[in-house]
Amino acid sequence: MSAETAAANTATAPVPEVQEQESSKSKQVNLTPAPLPTSSPWKLAPTEIPVSTISIEDLDATRKKKNRTPTPKSSTATKWVPIKASITVSGTKRSGSKNGASNGNSNKSKNNKTAASSTSSSNANRKKKHHQHNAKKQQQMKKDGFESAVGEEDSKDATSQENGQSTQQQQPPHHRNHHHSHHHNSNGPQRRKFHNSNNAGMPQNQGFPPQFKPYQGRNARNNNNNRSKYHNHFHHNQQHPQQPMVKLQQQFYPVQPVLMAINNIARQIEYYFSEENLTVDNYLRSKLSKDGFAPLSLISKFYRVVNMSFGGDTNLILAALREIVANEAATVNVAEGTLAAKEGDNVTGEAKEPSPLDKYFVRSKSWSNWLPETFETEINIEKELVGDALDQFMISLPPVPQQEEESSTELASQEQETKEDSAPVAAGESESSL
């Protein structure tokens with residue numbers, strides 16, 4: 001028994017070497033670094049296709065494909081039928097006893113609608129007859145020789161618009177837009193507004209129409225002898241309700257907008273050659289000759305002058321030039337001469353139509369301060385114009401017909417007679433009442 005127990009104890013007892021190995025393995029831990037990540041957590045763009053190599057054409061093609069809307073497919077069985085609209089009126093449900101009243105109300109509303117439509121149609125017919133009657137009257141008046149009177153009635157709206165424009169032009173106008181070539185060639189800043197300094201010393205009522213101020217130039221000296229020959233004639237015409245008409249470009253215009261246009265053009269021409277404008281107007285300075293003159297035909301193509309002269313009417317521009325020549329206090333000189341032709345001017349070979357503005361030239365009185373470095377324009381001056389040299393371009397006002405004066409006197413006498421007749425009747429009634 002002792003031998004068996006000894007063998008069992010040896011089998012169950014642990015071996016010391018094996019225990020030491022196991023304890024050493026448990027104490028030693030192998031630490032290895034983590035592997036590098038294969039994909040970025042921020043989801044960056046792949047480096048296989050760089051952004052610089054992507055063509056814009058491919059992007060446009062993809063955008064067009066995305067923006068394409070699917071086209072509807074129509075089969076042969078599709079049939080388009082027009083819609084027949086039916087008007088339905090919604091209302092509250094009522095009992096059978098009230099249906100009769102509702103039907104009666106609906107019938108009354110229908111009758112009212114038909115009556116209103118009939119009255120509107122009758123009014124429309126009356127208006128048509130009235131317009132036809134007026135048209136016949138106008139035709140008859142034209143045949144009898146009263147075309148000017150009819151033209152005045154038709155041009156009331158046009159004159160009101162022109163008066164509004166002319167009053168706006170009477171105010172200091174903004175920097176004018178020159179011809180299209182001026183827009184491309186001028187490099188200066190925007191021009192200042194044109195301030196008219198001659199309105200302070202002018203008399204208010206000189207017999208001219210309302211809002212009309214006779215031209216006295218930019219530097220007025222309160223001269224009453226300003227050679228304005230429109231004064232006496234228009235003072236006589238202002239007493240009559242109808243303004244005389246002036247014929248320009250085969251059309252008749254009232255006198256008031258015509259005279260205001262002449263004055264505005266004269267002031268605008270003086271502004272172009274003022275120190276305020278020439279300091280910034282490189283285009284106009286480049287067109288000056290060695291004597292400081294600029295062609296009037298060039299100035300007439302400027303934007304503001306074209307608008308003020310009813311589309312570039314030469315009669316209005318020459319009338320404004322006459323006002324400048326007749327004004328002793330004008331800030332510009334006007335001369336008569338010829339423009340020397342240069343080689344290469346007429347490249348197309350077309351003959352240029354002559355204009356009455358071609359022989360007139362304008363310059364500032366301080367022209368020596370604004371001469372350009374190189375002269376593009378050559379002008380042969382014949383003489384300077386002063387006084388009444390251009391009186392032939394003054395627009396003549398038509399005389400007032402005497403029939404209007406006779407009719408006005410007859411109306412005044414009739415009113416006096418009616419007043420005299422009514423006075424004793426009132427006195428008799430008062431005596432009978434007492």
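Each residue, glycine too, has its Cβ placed from N, Cα and C.
The structure displayed is predicted, hence computed values, not measured ones.
Residue annotated by Swiss-Prot as ubiquitin cross-link (from the set LYS79, LYS247, LYS342, LYS383): LYS342. When LYS43, LYS290, LYS352, LYS359 are looked up in Swiss-Prot, the one carrying the note ubiquitin cross-link is LYS352; the rest have no such note there, which does not rule it out for them. Looking up SER39, SER55, SER309 in Swiss-Prot shows the phosphoserine annotation sitting on SER55.
Looking up LYS127, LYS156, LYS419 in Swiss-Prot, the residue bearing an annotation of ubiquitin cross-link is LYS156. Of SER286, SER364, SER422, the one with phosphoserine in Swiss-Prot is SER422, while the others lack that note in the record, though it may still apply to them.
For the residues LYS84, LYS301, the entry in Swiss-Prot flags ubiquitin cross-link at a single position: LYS301. SER55 (phosphoserine) sits 51 Å from LYS301 (ubiquitin cross-link), counting Cα to Cα. Mean predicted confidence for the domain 'HTH La-type RNA-binding' (255-351): the pLDDT average there is 86. Reported as a whole number, the C-alpha separation between LYS301 (ubiquitin cross-link) and LYS352 (ubiquitin cross-link) equals 15 Å.
Residue counts of the domain 'HTH La-type RNA-binding' (255-351) by helix, strand and coil are 50 helix, 10 strand, 37 coil (DSSP-based).
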